[in-house]
């Protein structure tokens, strides 16, 4: 792909998200989502491989169905209420359909089946975009509509997503599928936070983007797509593996790392609102997620590749990948815990 075409698609990707962010009208928000979808399609099929074409087709069909459902439900709501405002969601049927459509867009369970398959068929860079940037526009709509949506339904979707994200990755050997289930689990935490305290969702999403970006960029630098290929990582870049191990533990929510703090705040708010059962299920699902993060950590840092190998040792070759953004995300992800109280004050969260 030429640099001009690539810059055009990336600009359209950003433009679609910004249009959805700034819109208060359903048609404008729907247009932003459609621009976002159409801009990512060429990036998904960048490599002319059957798996990439299959992933692109699946993504297009699922996103088109969700967009049609959003348009239908917004028309239904405008028909009954007479307004196209996003915050004026008065029709119960339209609210339910919009919840389902945005859950499909985000990849929440039980509408998550497309996400691992699509991520498995694309490159790590495109998978990073799908796991982070593509979640912003639908999540912003859910954030705006949360007071008028079915809150018990959102809470149920969030808890199911955390369980599915934890269970689904236990038997996976492909890194992209593991990161897909990790995304499903973290989105479950965000949707749960949206029900009890919406500002927590912003904090959780910010940390999730930083942590996930650092892991995707690490795997891209190591050129690893399977767990077995991580066994040479320690011999190649020990410093990088130390920081990425801390990032993996932070994704799992292990204290005292930065990923533990938003999970602790969410559990604390659930207990305050007498939702102890949901808090217990979320805490147990975090242990499931921590297991497969520890699995990645063990393979990358505690497994040493045999040195007496007669074949070409490709793990000694130097990578030409840019490392500036990776260095920034790793530093932020491992050192953001001391400044989290200031971030909480910035978001005006009540402890």
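Cβ coordinates are placed from backbone N, Cα and C, and glycine is handled just like the others.
Keep in mind that TrEMBL annotations are predicted by a computer and have not been checked by a curator.
What TrEMBL says about this one:
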type	residues	note
DOMAIN	23-288	domain 'NADH:quinone oxidoreductase/Mrp antiporter transmembrane'
DOMAIN	290-343	domain 'NADH dehydrogenase subunit 2 C-terminal'
TRANSMEM	59-76	transmembrane segment
TRANSMEM	96-115	transmembrane segment
TRANSMEM	151-171	transmembrane segment
TRANSMEM	178-196	transmembrane segment
TRANSMEM	202-219	transmembrane segment
TRANSMEM	240-257	transmembrane segment
TRANSMEM	277-298	transmembrane segment
TRANSMEM	324-347	transmembrane segment
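Sequence-remote contacts of a segment are chain residues at least 6 beyond its ends whose Cβ falls under 8 Å from one of its Cβ atoms, and for the transmembrane segment (59-76) they are 26-27, 30, 33-34, 37, 40-41, 44, 84, 91, 93-95, 97-98, 100-102, 104-105, 114, 118. On the 0 to 100 pLDDT scale, the domain 'NADH dehydrogenase subunit 2 C-terminal' (290-343) averages 70 in the predicted structure. For the transmembrane segment (240-257), the residues of the chain that approach it from at least six positions outside its boundaries are 182, 186, 211-212, 214-215, 218, 221-222, 233-234, 263-264, 286, 289-290, 293-294, 296-297, 300-301, 330-331, 333-334, 337, judged by C-beta separation under 8 angstroms.
Using a Cβ-Cβ cut-off under 8 Å and counting only residues 6 or more beyond its ends in the same chain, the transmembrane segment (151-171) has close neighbours at 96, 99, 103, 108-110, 112, 116, 142, 177-178, 181-192, 194-195, 275, 278, 281-282, 285-289, 291-292.
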